[in-house]
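According to TrEMBL:
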- 55-79: transmembrane segment (TRANSMEM)
- 91-112: transmembrane segment (TRANSMEM)
- 132-152: transmembrane segment (TRANSMEM)
- 224-264: region 'Disordered' (REGION)
- 240-258: compositional bias 'Basic and acidic residues' (COMPBIAS)
- 332-352: transmembrane segment (TRANSMEM)
- 372-392: transmembrane segment (TRANSMEM)
- 404-423: transmembrane segment (TRANSMEM)
Amino acid sequence: MLFIEGLWELLYLDHFQSQAQAFSGVLFEAISKSMSNSSCGSSELEICRDHSSALILKLIAIASILFGGIIGIAIPIIGKHRHFLKTDGSLFVAAKAFAAGVILATGFVHMLSAASEALSDPCLPEYPWKKFPFSGFFAMMASLLTLLLDFVGTQYYERKQGLNKASEEQVRVGSVDANPGHESGIIPIVEVKELNGSSGKVFGEEEHGGMHIVGMHAHAAHHRHNHSHGQDGCDGLVSSRDHGHAHGSGHEHGHEHGEGDEESGLRHVVVSQILELGILSHSVIIGLSLGVSQSPCTIRPLIAALSFHQFFEGFALGGCISQAQFKTLSTTIMACFFAITTPAGIGIGTAISSFYNPNSPRALAAEGILDSLSAGILVYMALVDLIAADFLSKRMSCNFRLQVVSYCMLFLGAGLMSSLAVWA
């Protein structure tokens, strides 16, 4: 009996080992096929291949896309110094809603569909690419990682801001102590620190220990303003905007508004940096795809489509940068990086087009994965940090006309950007 059991275990072990070897062999074969650089079909018509005409069109595309990106990102950055496009104006909120629709459509319609198409290409081996929806999985993981990055970035900047404020208050308290003349009735700055309570909470921290993160500014605004619900809350919001903090509810109310503005500025810093990361990642892919093409029939319709694409995305990113209140140098660097990324990708693609094969399994797998990651980042940023941040705010809920215009602009931006998928 023991002999039979031992023999059974031996046979079972041999079966398991054979299964493991077969699985590893299939996996190795699939990876090797996915990393192959051999051509697998062609998406371009051979009769439309023309290297000289394609090169001329690529130079035109570089100039057109560069111009569209510069204009798009410059309008909100320069316009914030003009009355009609200030970041706290209704026109800017409506324009930002349009830009949010553009970013959302870019993630869902352009990036995610392109990723699914690339990862389901017949050139890729059936295992594992046909056995699992990798495009959706990578997009989901990118969204979750963006959430983590959003949280860590917000926490870092809030702690940094809290430490800076604490050091400034200590310096100011020291100067007040050195000056014995407090008979003027001015309250020492120590009093201000007590408004946050004596628990020593970090700047931006809630009473129950949670940190402000992501675009739930409506909830944060509710705690900052301490207005009542309903029409009274809207009246209080309008009154505070029209008459200023001096005619509000005293020093405490003004202090809370000040902290709210600083916290909002910190959020815009994180949002603008993560949004630019997502836009730059897929801009490189777009530029490379156009640069390696040798077909004028493919490049010609892409010139106008990608120029508008770059303009709309530049407007969305420029709005976030202008709200973040960066220094001039930082703003210029971020704007330049956005404007030159796609043209630089076209230039790199043109340089490597002689030996780079965009139809190889390796190129298709890399393109599909990067497109999926870009889609996840853009969808998260559009829904959470752009749309939810504005559409769930008290300002939006208290202004019916702004609601109608913003929703119309949101759907218009998403619709126009989606329609570009016919050509690009």
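Just so you know, glycine gets a Cβ as well, placed from its N, Cα and C.
A TrEMBL annotation is a machine prediction, not a hand-curated record.
Sequence-distant residue pairs (6 or more apart) of the transmembrane segment (404-423) and the transmembrane segment (55-79) include fewer than 3 whose Cβ atoms are under 8 Å, leaving the two stretches without contact. The list of residues near the transmembrane segment (332-352) in space but at least 6 beyond its ends in sequence, with Cβ under 8 angstroms from a Cβ of it, reads 55, 58, 61-62, 65-66, 69-70, 73-74, 77, 272, 276, 279-280, 283-293, 306, 310, 313-314, 317-318, 321, 326. Residues of the same chain lying 6 or more positions beyond the ends of the transmembrane segment (372-392) and with a Cβ under 8 Å from any Cβ of it are 93, 96-97, 99-101, 103-104, 106-108, 111-112, 115, 119, 134-143, 145-147, 150, 214-219, 267, 271, 274-275, 277-279, 281-282, 285, 316, 320, 406-407, 410. Within the chain carrying the transmembrane segment (55-79), a Cβ under 8 angstroms from the stretch's Cβ atoms is held by residues 85-87, 92, 95, 290-291, 296, 299-300, 302-304, 306-308, 310-315, 317-319, 321-322, 331, 335, 338-340, 342-343, 346-347, 350, all 6 or more beyond its ends. With a threshold of 8 Å between CB atoms, the same-chain residues lying at least 6 positions outside the transmembrane segment (91-112) that come near it are 76, 79-80, 84-85, 135-136, 139, 275, 282, 309, 312-313, 315-316, 319, 371-372, 374-379, 381-383, 386-387, 390-391, 395-396, 402, 405-407, 409-418, 420-421, 424.
Within the same chain, residues 112, 115-116, 119, 211, 213-214, 270-271, 274, 278, 368-369, 371-377, 379-381, 384-385 sit at least 6 positions outside the transmembrane segment (132-152) and bring their C-beta atoms closer than 8 Å to a C-beta of that stretch.
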